[in-house]
Amino acid sequence: MLPCASCLPGSLLLWALLLLLLGSASPQDSEEPDSYTECTDGYEWDPDSQHCRDVNECLTIPEACKGEMKCINHYGGYLCLPRSAAVINDLHGEGPPPPVPPAQHPNPCPPGYEPDDQDSCVDVDECAQALHDCRPSQDCHNLPGSYQCTCPDGYRKIGPECVDIDECRYRYCQHRCVNLPGSFRCQCEPGFQLGPNNRSCVDVNECDMGAPCEQRCFNSYGTFLCRCHQGYELHRDGFSCSDIDECSYSSYLCQYRCINEPGRFSCHCPQGYQLLATRLCQDIDECESGAHQCSEAQTCVNFHGGYRCVDTNRCVEPYIQVSENRCLCPASNPLCREQPSSIVHRYMTITSERSVPADVFQIQATSVYPGAYNAFQIRAGNSQGDFYIRQINNVSAMLVLARPVTGPREYVLDLEMVTMNSLMSYRASSVLRLTVFVGAYTF
């Protein structure tokens, strides 16, 4: 039983109170340590290991990450990452970092710095030590006493995330643009290639780069054209050339014969003709050029496509030769009374299929007698009626081709001029013996 406080003297009262306090103290209070331990944020004291250990906020904080984000614990904190993000732990096999010692001594340096061995404050590289809160899509840049989260080139920050910039919206490319994550690529249409700035397109000269043209190549903007030499035409494939058969287009290209050749054609003439102005055929006058084989006793007569050697003296009894082409029947010869007084030899040539009627030869009287009348007729050589005589006047007449004739062919026509004088009872005749050569062609 404790003594009554009012009955005790003052000194005894103080001792009694002291004993009462000491006697009521708990045995546990006497076992408390005389110091305490404090850990930094994200860590808690582990009494067993006597060190600070990491707090797994993903387990201790309800709904630490919202929405479709997943919680990733790390030393001293946690991260909220997309569920598709991959996390590589212990990349170098070094194991977890050593336990953080108790923060018994405060950091004497300003935020973002830490003391070194010489007690100097050095910058903390938050990026290298993973002490930043930059998103996986961001780049961490260390700064003196701090750090900065930036977006890579080709990205821009929208909210907390870096989003790809669609550069194609800004028409950086001249032709086509392909957007890429963080970048873009320009492409050109066929026939163009990227210029030095990788944005503009310049024309490709396909002709200098081995375009598949068989003959001629013409470069144009963005493409090329194949062309062929004269005498060729472009094939359906647009590259190769095929010969044009000009001879098959028309039968009038050449006067005689058309010969097709690669890329061209040529005209040929028959024997006895020569080419004139590349397409026409002209008769070769062998008599004038000396390209004949007539003897001195013969006369060379040219006709279309050839020549004929005739005897210089063509007079037959009772006629005698009085000049190169004229034969005379003497009046003193009784055999000449019923014959033409003279025969003159002439030669001419015409082409085949000549248009009719056609004037081919004119007969002219060489002598005119007063009161005489001249009549002209075909005496011989016109059995088929291919010719007829049209008298022009008293002294001349025209030999007319009545029907088209085809050569090679030869006519010998005796064209007779009969001279009559009724007052003097005079009648005489003379013959022009005309040899008509019909050429084998229409030229």
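We count from 1, first residue shown onward.
Cβ atoms are placed via backbone N, Cα and C, with glycine included.
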Cys228, Cys247: which one closes the disulfide with Cys241 in Swiss-Prot?
Cys228
Tell me, from Cys269, Cys294, which cysteine Swiss-Prot puts in a disulphide with Cys281.
Cys269
Secondary structure content of the domain 'EGF-like 3' (164-202), with strand meaning DSSP E or B:
4 helix, 16 strand, 19 coil
Go through Cys177, Cys247, Cys269, our disulfide-bonded residues, and report the one whose Cβ sees the most other Cβ atoms within 10 Å.
Cys269
Nearest by CA distance to Cys327 (disulfide bond): which of the disulfide-bonded residues is it, out of Cys151, Cys168, Cys269?
Cys269
Do any of Cys149, Cys186, Cys226, Cys241 (disulfide-bonded residues) have a CA within 10 A of Cys168 (disulfide bond), and if so which?
Cys186
Secondary structure at Cys134 (disulfide bond), reduced by DSSP to three states:
coil
